[in-house]
Amino acid sequence: MSAETEPAVHPVAADAERVRLHAEGVRVGYGDAVVVGGADGLDLDVVAGTVTAVIGPNGCGKSTLLRTLARLLAPRHGHVLLDGRRLDSVPSREVATVLGVLPQDPTAPEGITVADLVARGRHPHQRWFRQWSREDEGAVAEALDWTDMAGFAGRTLDTLSGGQRQRVWISMALAQGTEVLLLDEPTTFLDLAHQVDVLQLVERLHRERGRTVVMVLHDLNLAARYAQRLVAMHRGEIAVAGTPHEVLTEQTVRDVFGLEARVVPDPVAGTPMVVPMGRVGTDKTH
Amino acid sequence: MSAPTRTATGVSGRRPLRAGPVSAVWRPRGAALVLVAAAVLVLVGAISIGRGDYPISVGDVLRVLAGGGSRGETFVVTQLRLPRVLCGALVGAALGVAGAITQGVARNPLTSPDVLGVTDGAAVAALAVLVLGGTGGSAVGILVALGLPLAALVGGLLAATLVVVLAYRQGLDAFRFILVGLGISVALVSVTSWLLVLANIQQAGLAMVWLRGSLNARGWEHVVPVAVVLAVAVPIAVALAFRLDALDLGDDTARGLGVRVDRSRVLLLGLAVVLAASATAAAGPIRFVALVVPQVSLRLAGGSRPPLVASAVVGALLVVGGDLVARTVLGGEVPVGVVTVVLGAPYLLYLLVRRTRKDSA
């Protein structure tokens, strides 16, 4: 709760309540329009060692919020704190050793190999004269291993399937070795099996490595299943935030998505599962 | 906390090269390209030095360059012929590196410093000196006082600065600077044409030779400035090019990796512009070198981005070789720029066709 007054905690001993990322009265916009934050600005805490999923309809500002947390966008008002320090007061390179981000649609140069791409995640730890230290090599080998992509190290990215490519990008983010990871729609363009694949990776990261993850997700059921905390956004503001059970109610789904739905327990995990019936105001038996 | 059961050692395709705090990835193809191209460059350079009214064999040229040989041969080689070849090599190297940087920043194989207006800006300034030099307005007076090479340098730098300033809108977007650069270049080309119309026949002749890019009558005074610029700019470029590894992945990813994207781009393009403008100041606009060399080097060395050092050596080889072809095969004093255009234009077409095919596929 009181992250600012807390002394720097050793990362391994991070207690469950330590706030890693904190948005304070944040308002973000493009041009004249305020996209995120509404009238009073948006507040958000991301607690150490949790997986948070940001959900909401198209255009509600999910990605804008994530990009602001990742310092890819500068807020007009308010600020984002990483471990109690304002993001815009810490050198970007230093931030990059603690906070990693995987954008929605990253581009790779033509003909790059998997190993070379993953190695670029080491950039914040490197200098122009130190581009492949033992630590770099170890981190890249481990990241490839972790995502089961070691066998593809020598392949070029364009020879891989969409699901494999996404694993490579996640490897790159892993090689960066940051304790906090922001993922912008990591499952888009993937079929269901590969979506689950990616989310299981995220779950392992959280469980086995204690990483803090914030991700934007479209699929509510998967979000409820793989995140401990949901943040539902509506028109640039946080409508509800809390555990999946607190957030995924029939009321929220109606208010935020404009969707009539039943919410039942997921038969496998027991997390709430949304069964859509139809748009608000249309015939439900349709 | 799980220590991986299979202790992952080594990453396929990335063999380390380490000495103390310095480390890099061993890239055998890139290293081989640099060595082979350098060897061929020395050979072609020696052949070129040997050609002339007083022919000298390649062996004798190499002996003189190594410090031996007769006094007469030493004079011919070091005072008369070496500066021309050296000037060509340095100009080619500068253009190669400038092209590799520009294409790396733009992430587009069809860009070169020409697109930044460097060449056409230099051309306008040079022609102003040649054509209006006698009449003298105040601006032209300053250019004339600088002399032709410096005037060309200033013209190139000014045009490129204009392009970057006009293209900068909350950051430097690659696509926008290419478009703005094309627009500025077209405007500058029409100024060049206007100056040619104003010129008398003798001035026009001089102008046309300069506009094709030539190594004729180049002495040590042309060599030294380019050598100094290269000695300063290439190490900086090699250090800065490290940031291209992140910039390659798009703005968001690069920022996520802690790179100051716009600052890095401006610095890198600034270096490319200085290199290209000094090359143009020394030899006139030798076109297509900066466009073709990085792509050829990339194909030969492999990898995902034009290699800097290899582009320097291959660029030197192309200009020195082109000059040799111009003097021997075509005969007389054909400017080297004619050869590079003849080689470069089909290559540009090939790149365009290949790209359009890929886009429509």
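Heads up, the Cβ atoms here are built off N, Cα and C, so glycines get one too.
Predicted, not measured: the structure shown is a model, and the values here were computed from it.
As recorded in TrEMBL, the features of this protein are as follows:
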TRANSMEM  B:30-49  transmembrane segment
TRANSMEM  B:85-102  transmembrane segment
TRANSMEM  B:122-143  transmembrane segment
TRANSMEM  B:150-168  transmembrane segment
TRANSMEM  B:174-201  transmembrane segment
TRANSMEM  B:222-244  transmembrane segment
TRANSMEM  B:264-286  transmembrane segment
TRANSMEM  B:307-330  transmembrane segment
TRANSMEM  B:336-353  transmembrane segment
Considering the transmembrane segment (B:150-168), which listed stretch of B:30-49, B:264-286, B:336-353 counts the most C-beta pairs under 8 Å: B:264-286
Among B:174-201, B:222-244, B:264-286, B:307-330, stretch most in contact with the transmembrane segment (B:85-102) (C-beta, under 8 angstroms): B:307-330
Proximity of the transmembrane segment (B:336-353) to the transmembrane segment (B:222-244), 3+ C-beta pairs under 8 angstroms: no
Interface check, the transmembrane segment (B:222-244) with the transmembrane segment (B:30-49), three or more C-beta pairs under 8 A: no
Residue numbers, six or more beyond the limits of the transmembrane segment (B:264-286), whose CB comes under 8 Å of its CB atoms: 87-88, 90-92, 94-95, 97-99, 101-102, 104-105, 113-114, 116, 118-123, 126, 149-150, 152-153, 156-157, 160-161, 164, 172, 174, 177, 209-215, 218, 222-223, 225-226, 229-230, 233, 236-237, 240-241, 243-244, 247, 319, 322, 335-337, 340
